[in-house]
Amino acid sequence: MRERLLAAEKVTAIRWQGGALHLLDQRLLPSEERWLACDNVAQVAAAIRDMAVRGASAIGIAAAYGLVLALEERLAEGGDWEMDLEDDFLTLAEARPTAANLFWALNRMRERLLRLRPEEDVLAALEAEAVAIHESDREANLTMAQQGIELIRRHQGNAQALLTFGNAGALASGGFGTALGVIRAGYLEGMVERVYAGETRPWLQGSRLTAWELANEGIPVTLCADSALAHLMKTKGITWVVVGADCIAANGDVASKIGTYQLAVSAMHHGVRFMVVAPSTSIDLNLATGEDIPLEERDADEWLDFGGAPAVRDVQVFNPVFDVTPADLIDVIVTERGVVERPDTAKLAQLICRKRLH
């Protein structure tokens, strides 16, 4: 399975080449494939904030490379680079407040600096750590894909119709995706007959990104309006909803793309199983429940400005980017560390704190 998945990999969104971070600008997809070259931390933070790069894992990876660029700048300035670098940590942390992987990556980079030995080259050490973060995410994608497809096979042995929402694919990770990784594996194994993708307003990650990724790989995909998804579950024989996560609280509540919560409610009503696929770095045990997850809200212009012209004036806009799906609506959370069915505080604590002999 691993070799087949790697052979099928066609889309990548993050490259570290020649001492610069190259990001596929996801704001322009699918009409234009343009790469942004970031050679300083301000450009990386802007790319994260403005959603040129998006997806929790991808944001964390980009931030790690952003710190490498920041350190290079600080060393060239010749001042107190350790003190100055704190400003860069803060700049990156503030770019997208909901993505748990962002803070995990920044903390891991900070810990690497604290372990620095006197004889080590600080820039080389930090660059190696960023590369390791990138590579570990790719490996996590592979593991999650294999675990997720085993769950789907166990539930029903024949080819199935799956529904996904948002974009939790190669564009949102360092590999070939979390939710879409499971879907890709399922298609290769003959377990997925068709994928339905919700458009995912207002940024249209489903129609612009997920449908584009799946079509590029020849996976049968049907695009649906967000308002049609409950009807879809009722009429099209959907067996699983498979989504990613931006942050998972200690009790199993999941923050994901706005609209995921209502999708989970519909899935529960229609007897459709609900799977969340996310690396363990998305789990924050310091957040007791979903109520503690900071939920980003974006500018009203994303709803009021269409094609450069105002659609309506003098109205207020509520534009949250994420919502929280309660743990009791989730059948299973798939991570690279293992699978948690019917998640709760005890099960997630056991997953994260599990002692390993090897």
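The backbone N, Cα and C atoms fix where each Cβ goes, and this holds for glycine too.
Since this is a predicted model, take the numbers as computed values, not measurements.
If you look up Swiss-Prot, you'll see Asp246 marked as active site, proton donor. The annotation substrate binding site is assigned in Swiss-Prot to Arg54, Gly55, Ala56, Arg96, Gln205, Ser256, Lys257.
Each of the binding-site residues Arg54, Arg96, Lys257 was scored by the other Cβ atoms within 10 Å of its Cβ; the lowest score goes to Arg96.
Note: the CA-CA distance between Asp246 (active site, proton donor) and Gly55 (substrate binding site) rounds to 7 Å. Mapped onto three states, the DSSP output places Ser256 (substrate binding site) in strand. Other residues of the same chain near the substrate site, with their Cβ within 8 Å of the Cβ centroid of Arg54, Gly55, Ala56, Arg96, Gln205, Ser256, Lys257, are Ile59, Ala99, Gly166, Asn167, Ala168, Ala172, Gly244, Asp246, Val321, Phe322.
For the substrate site, whose annotated binding residues are Arg54, Gly55, Ala56, Arg96, Gln205, Ser256, Lys257, the maximal Cα to Cα separation is 17 Å.
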